[in-house]
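Engineer: Quick one: structure below, then a few questions.
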Amino acid sequence: MKQTLGAVPAARLTGTGPMSVAKQEADVQQAAAKPFIKGKFLTGSDIGLAVGIIIILTVLFLPVPAVVLDIGLAFSIAFSVLILMVALWIQRPLDFSAFPTVLLIATMMRLSLNIATTRVILTHGNEGYLAAGHVIHGFSQFVMGGDFVIGLVVFAILIIVNFLVITKGATRIAEVGARFTLDAIPGKQMAIDADLSSGLIDEKEAQRRRRELEEESSFFGSMDGASKFVRGDAIAGLIITAVNIFGGIVIGATRHGMDISQAADVFTKLSVGDGLVTQIPALIVSLAAGLLVSKGGTRGSADQAIFGQLGAYPKALLIAALLLFILGVMPGLPAFPFFLLGGAMAFVGIAVPRRQARQREADAAEAGKKQREAEEQERNSVKASLETNQIELCLGKQLSARLIASQEELAHRVNKMRRKFAQEYGFVIPEIKVTDDIALPPKSYRIKIHGTAVASHELRVGEILVVLGERPVPSVPGEEVREPAFGMRAYSVPETFTADLRREGYMTVDNLSVLLTHLSEIVRNNLAQLLSYKDMRILLDRLGPEYRKLLEDICPAHISYSGLQAVLKLLLAERISIRNLHLILEAIAEIAPLVRRPEMIVEHVRMRMAQQICGDLSDNGVLNVLRLGNRWDLVFHQSLKRDAKGEIVEFDIDPRLLEQFGTEASAAIRKHFDNGERFVLVSSPEARPYIRMIIERLFATLPVLSHVEIARGVEVKSLGAIS
């Protein structure tokens, strides 16, 4: 995964590679602990369910006051309505996979309340109609109208509807659904395996489908058994009501001295009221079970499925409306309800096609828009795949995970490095992409410029680096190595010896600093490649009005914009800042009418920039100089081939002399490099570019100046000569 560092003004390190994976794993572990604390010790949902079951069992055996019965019966009705609403709104049956368990709890709750009300009715029924509570009395008055015969009829109808219609149908649907689901499991499993083998789905999707298939078979199997709860509940309600009526009459007549008619009136009303209070929630739950099992494979909530499918055929609605109008004009039938319903159906039958037409147009427009967006996205993705990052830092798995703790510091220091480059060299380097690359060794990193690897190194995770130079090796255990940025002698030591090294006077460098120093030097060595044509035009657009006129005078009359870019690149290739762009343009304006080659133009520009060059390369106002000896100066001068006009056209040197020069120059330069000295190599103006090409292959960071590039007033300190 890729992460962008160094974006001005701020940078963030984000991604899904190993750097982000370790962080995500920590976040997951932290998040996993939170529900455990809140769910188990604060909300107490699991304890609440256990307490509820215990209360249900307690009601079976202990006498309950009428007030508590009222609360329990009201809760039973509310719980049943909640179950029905959930069954109506779920998108698919598996979304309510806990329904069998809920059904068992609801059935057990109603039976326990039934037993509790039976105990109260038989014990205190002689005290009057309010002996069993206000809920039972209210149902007996409201539903029965004060007549127990009406109550018996209504109760019988509820039992028949619940037992013979809803419950029996739901039971049959559950049986068939369970059988067909179990029979289809092998075929569905084979289909999942086939899709996985063909690559249509990945392993994660296959596991999800298998888990869903397992849940589906378990759900329908449970529903097949759970439907028996509803059926048994209806039978138990009928038997309990009959026992209440006959038992109440006997107890009232024999124990409480009531006459038969009075006992029959009181106990029948209370028993039938009790039966209605328990059978209505049972009917509601049976309806929810029927809705759930009859939903089948239909997607969406029940209202969406019903109204969507009934309203999908406008002709059927219009024909039904016509039939209602005909019934409305028939003699003896009331016209108003039939005309009202017929008009409503006719309105829906006419409005639905228009709405469907508008919806089809909107869908077609949306589909066209999505298709255009998909095509545009595909074109952009192809373009993006062709683009390469200008600067890319690839990290091995272990190294990227190790740097997670310092990602903010990494982003801050990269930002700081980009700002420093902008101030030092006069243009903003591109953003640096950080990539987790599992193909790299775990502790290694690789630096790419324009998609091409230019440097790599393996860090010692858990160790620090001591740059030695000419100093002896520290007394602590470690291993002598070369630091990657400059190739200087260094000593790698475990982090535990940091304090010991500081006591001995050694400066320590951590892995992040080693990496960023190496990255910084690689960027310096490739500044010319990083200055794009776009960057150059941005610099030119920032010029003031007076220098815009100068630019118009020289471009494109004497030098093209690409030629101007070549001059700037040649300067940056030798780490010469282009921040004084106006001075560069003035120098080009002086020489461009006379010469065309960028190599010749840049030598004149360097001479005009001598003050800046020496100022940037001097150390506390002193320019340390390593000269090219007279012998080698003569060799290089004789290797320059000129044409009739005296212009240099070729550099031809004997390979043996070139090899000898490389050996002698390396020895002299390495000596001063190991001492940590900052210096420049000085040669003749004509040979300077060619000597620079040779030295660059040996010491890329060593500046090579000509005699004319040493500005007046600069204090020069000679370090000797290559002779």
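Cβ atoms here come from the backbone N, Cα and C positions, even for glycine.
Not my notes, these are from Swiss-Prot:
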TRANSMEM  49-69  transmembrane segment
TRANSMEM  71-91  transmembrane segment
TRANSMEM  96-116  transmembrane segment
TRANSMEM  146-166  transmembrane segment
TRANSMEM  234-254  transmembrane segment
TRANSMEM  272-292  transmembrane segment
TRANSMEM  316-336  transmembrane segment
REGION    361-382  region 'Disordered'
COMPBIAS  361-381  compositional bias 'Basic and acidic residues'
Engineer: Short question: which residues 6 or more past the ends of the transmembrane segment (146-166) have a Cβ under 8 Å from it?
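Structural biologist: Beyond its ends, the transmembrane segment (146-166) has Cβ neighbours at 140, 230-231, 234-235, 237-238, 241, 264-265, 268-269, 272-273, 275-276, 279-280, 282-283, 286-287, 289-290.
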Engineer: Report the listed stretch (234-254, 272-292, 316-336) having the maximum count of Cβ pairs within less than 8 Å of the transmembrane segment (71-91).
Structural biologist: 272-292
Engineer: Based on DSSP, tally up the residues of the compositional bias 'Basic and acidic residues' (361-381) by helix, strand and coil.
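Structural biologist: So the counts come to 21 helix, 0 strand, 0 coil.
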